[in-house]
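Novice: OK, TrEMBL features for this one:
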type     : residues : note
DOMAIN   : 40-290   : domain 'G-protein coupled receptors family 1 profile'
TRANSMEM : 25-50    : transmembrane segment
TRANSMEM : 93-121   : transmembrane segment
TRANSMEM : 142-165  : transmembrane segment
TRANSMEM : 197-219  : transmembrane segment
TRANSMEM : 240-261  : transmembrane segment
TRANSMEM : 273-292  : transmembrane segment
Amino acid sequence: MENVTYNSFVLQLEGFKVTEESTEYAFFLFFFSYIVIMILNLGILAIIVIDKSLHQPMYLLFCNLPVSDIVGCTHILPRLLSDMLVPPSERLISYYECVVQAFTTHMFGTTSHTVLMIMAFDRYVAICNPLRYADIMTNRMIVKLTAFAWGVPFVWVAVLLGLTIRLNRCRTLIENPFCDNASLFKLSCESSAINNIYGLTFTVVLLTSSIGCIVLTYGKITAVCLTSKSKSLNNKALQTCSTHLVVYLIMSFSGFSIVVLHRFPQYSDYRKLSAILFVMLPPSFNPIIYGVQSREIQKFLSERFCSRKKLKNAF
């Protein structure tokens with residue numbers, strides 16, 4: 001039963017509903033996924049830091065993506081795992097902790113888009129203006145793009161949560177596996193029209209900007225490739241852009257399904273599953289997709305494995 005307490009500072013998380021027989025399987029699946037996500041993303045970051053040949057604008061900008069994925073997974077999955085081990089009535093969270101979790105959740109989702117936008121810009125300059133690439137993609141430009149990728153989401157999400165915090169609460173049940181903005185403003189008995197309008201505007205602007213950026217930059221890249229007779233340029237563009245688009249489509253589909261399902265309460269279980277998959281799928285695929293397509297990373301790994309094999313054979 002949901003407690004009806006005015007402005008309570010203790011909230012109850014509904015959590016992820018699984019049967020008692022499936023709890024252990026779900027727990028180990030999520031736990032294993034979290035470990036894999038951390039190993040892959042931390043591994044990619046370590047490779048880029050260690051290998052000086054990877055200290056290029058493309059990889060430095062890419063570092064923002066695993067950082068965002070690590071933060072996004074770490075603030076959700078460990079809490080979700082601990083909640084699965086206790087009864088629903090004991091899945092309690094303080095209001096302030098819930099607000100912080102909601103803020104981090106939306107920062108993770110928004111920066112995933114903005115980071116891919118700045119990476120698309122980098123690929124556009126590299127393929128369409130290769131002779132000016134070094135002059136455009138300076139260290140100062142990398143800092144500016146990184147600041148954009150994190151600063152814009154910070155402002156947008158701060159306003160989003162600020163509109164929610166102002167509302168009085170008359171409910172305590174978070175109808176979600178973790179805290180997000182929609183779950184928080186649903187605790188209020190006041191009108192949340194402004195929250196809905198800003199939230200939808202926020203989503204439309206974000207998706208329109210990211211889709212527009214991807215279409216514009218890749219459209220120009222395609223035009224350059226069609227007019228160019230260089231096979232190496234076309235192969236490079238196809239390899240880079242195809243992997244980038246795969247990552248973008250996985251992330252967009254996962255995020256868009258959550259937004260849509262929030263409007264249909266009868267599909268709450270599917271929404272919760274989509275929310276968890278949004279946290280798990282992109283962070284799992286991003287390092288694999290980019291690691292597979294990057295010749296520099298492949299070269300680094302092959303050299304390390306070959307040197308280890310030679311060392312073992314020597315003994």
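Our numbering is plain: 1 for the first residue shown, then up by one each step along the chain.
Placement of Cβ uses the backbone N, Cα and C atoms for every residue, glycine included.
Bear in mind that TrEMBL entries carry predicted annotations, made automatically and left uncurated.
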Novice: Among the recorded stretches 93-121, 197-219, 273-292, which has the greatest number of Cβ pairs closer than 8 Å to the transmembrane segment (25-50)?
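Specialist: Most Cβ pairs under 8 Å with the transmembrane segment (25-50) come from 273-292.
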Novice: Determine the mean pLDDT over the domain 'G-protein coupled receptors family 1 profile' (40-290), rounding to the nearest whole number.
Specialist: 85
Novice: Residue list, the transmembrane segment (273-292) vs rest of chain: Cβ under 8 Å, 6 or more residues beyond ends.
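Specialist: Beyond its ends, the transmembrane segment (273-292) has Cβ neighbours at 16, 30, 33, 36-37, 40-41, 43-44, 62, 65-66, 69-70, 72-73, 76-77, 80, 108-109, 112, 176-178, 180, 243, 246-247, 250-251, 254-255, 257-258, 261, 298, 301.
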Novice: Which residues of the same chain, at least 6 past either end of the transmembrane segment (93-121), have a Cβ under 8 Å from a Cβ in it?
Specialist: 8-13, 58, 61-62, 64-65, 68-69, 71-72, 75-76, 79, 145-146, 148-150, 152-154, 156-158, 160-161, 164-165, 169, 174, 178-181, 183-184, 206-207, 209-210, 213-214, 217-218, 244, 247-248, 251, 255, 278-279, 282
